[in-house]
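Novice: Starting off with a structure, shown below.
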Amino acid sequence: MNWTGWVLSGIPERPPTWTEVIIGLLIAITTTLNLLSPSTMSIPGVGIGFLTFAVALGPASTTALGTRIGQWFREIGAAGRATAIILFAIGVAITYRIEAVPNSLLHGIGTGGLLATLLYMTAHIISAGEVSGWKPNRKWTE
């Protein structure tokens, strides 16, 4: 497998949904606002967050462990996923509040993670060439 296949290995073989596109737009707005105030974040933290999320979303998601985690996450249902996400958010909020980790580092890691997620979603849309329920008019693209 060449490097592009390895990098794109985590992208689903289905077109993204409109919900995913809207979430991507919200991520773009959030990261833009975060990057406009860089004094409140750690630039190395942005790099750490970006690399961690990029590997987790792409190549690591196709490993045995990544596949097992993804399967578990789907099996716990919507309520279980919501609970896991809420518990993660509570953990981050507690860490932020007690300053166990510098807030600028957490802010940077979060922004880097959002940037990697935005890149992943953009690659998903480009590789699919369409959004679920909508295809570009080929006459206009030629």
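Heads up, the Cβ atoms here are built off N, Cα and C, so glycines get one too.
Annotations for this protein, taken from TrEMBL, read as follows:
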type	residues	note
TRANSMEM	21-37	transmembrane segment
TRANSMEM	43-66	transmembrane segment
TRANSMEM	78-98	transmembrane segment
TRANSMEM	104-129	transmembrane segment
Novice: Between the transmembrane segment (78-98) and the transmembrane segment (21-37), do 3 or more CB pairs sit under 8 angstroms, pairs being 6 or more residues apart?
Specialist: no
Novice: With Cβ-Cβ distances below 8 Å as the criterion, list the same-chain residues six or more beyond the ends of the transmembrane segment (104-129) that contact it, or say none.
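Specialist: Long-range Cβ neighbours of the transmembrane segment (104-129): 8, 10-12, 14-16, 20-21, 23-24, 27-28, 30-31, 34-35, 40-54, 57-58, 92, 95-96, 135-136.
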